[in-house]
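In what follows, a single structure is set out as structure tokens and then discussed.
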Amino acid sequence: LPLLLKATLLRLASGSYHPFYNRFYYNHIMNDNGDGQDKVDYFNGARLMVETSKDPVYSYSGANVTLPCHYRYEPDLGPKLKIRIKWSKLRDDYTKEQDVMVATGKTSVAFGDFKGRVHLRQASWHEASLVISDVRLKDDGKYRCEVIDGLEDESDVVDLRLQGIVFPYQPPRGQYRLNFHEAKQVCQDQGAILANFNQLFQAWSEGLDWCNAGWLADGTVQYPIRLPRKPCGGVHLAPGIRSYGPRHRHLHRFDAFCFSSALKGEVFYLDHLAGMTLEEAKQNCQAAGAEIARVGQLYSAWKFLGLDRCNAGWLADGSVRYPIVTPRANCGPAEPGVRSFGFPSKGRFGVFCYRER
């Protein structure tokens, strides 16, 4: 029997890379015994390759997005039926993964906040692209596409980035009053989330200069400086992101850097000749089929919808602000931005309302 098996293997391996029944390939090599006899020394499987987009995929809150992923074999084996596909979301430091979905054939299971929002796009053989519906702010990040075929397991990573804006936030009670958990909450209250470092860096590269330190999503405290100056790290330091590193999430207190994406709805301004109190402002927005806008919504409307209004208006947190795209006389500084009057305890102003489309 051993002689018969050896003869069979030699016959199958008489040419380079001839297929065997289990889709593995025997490697036909020459021996070095000097007897002129070939031998089969080992066999190896077809190589599994997984490829995703090398460039970031951009989207925005409320949209649908496809994260591309394809796999193939070298040499090609044709379609296979028992492939297992797993998508997971990575932390920025790659130390932990969040399960997104697992699929085998036509059977799939989604996890956590992704339930009901994800499915595979398999328009062709060897495609494993992930479709995310109703994209949310916290969907921003890196995703791993993993393809499992028996003992073969290969993966690649694609980066989903939301188009958005970073804005610094202080609560009504003043500067440096928020621990990490409170910072997360105030950003959520304003229709936003705590920004990550990549988002803060992008905002800095677009001109954000802010001398107050604020929490980021990874628990570090940082701030962006375009114009070095004495109170902001010193005049001799180069422009950049200043970092205090990780801080104690319960004991240490700073401001927050929040991130908001493009809007599905619209922000509009209402006013009365005599102005409105905060409570009157809320009631007037409701009467218009809307709600009083949050800070993140005003920033998004300013950046993505070109909202430009030289009239101060109430927002949901009790602050009074107004957005300027085209600077002009009597509308604040010479740069575009969202101006703030703080949190007035008295006064009558207009109001910015938000309405879903």
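First residue shown is number 1, and so on along the chain.
Even glycines carry a Cβ here, placed using N, Cα and C.
Over in TrEMBL, the protein carries these features:
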type	residues	note
DISULFID	Cys211-Cys232	disulfide bond
DISULFID	Cys310-Cys331	disulfide bond
DOMAIN	46-158	domain 'Ig-like'
DOMAIN	165-260	domain 'Link'
DOMAIN	266-355	domain 'Link'
SIGNAL	1-15	signal peptide
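For Cys331 (disulfide bond) paired with Cys211 (disulfide bond), the C-alpha to C-alpha distance reads 23 Å. Listed in sequence order, Tyr322, Ile324, Arg328, Asn330, Cys331 are the same-chain residues six or more apart from Cys310 (disulfide bond) with CB atoms under 8 A from its CB. When the neighbouring Cβ atoms lying within 10 Å are counted for each of the disulfide-bonded residues (Cys211, Cys232, Cys331), the highest count belongs to Cys232. Counting residues of the domain 'Link' (165-260) by DSSP class, helix then strand then coil, yields 22 helix, 30 strand, 44 coil. Counting residue by residue with DSSP, the domain 'Link' (266-355) contains 20 helix, 26 strand, 44 coil.
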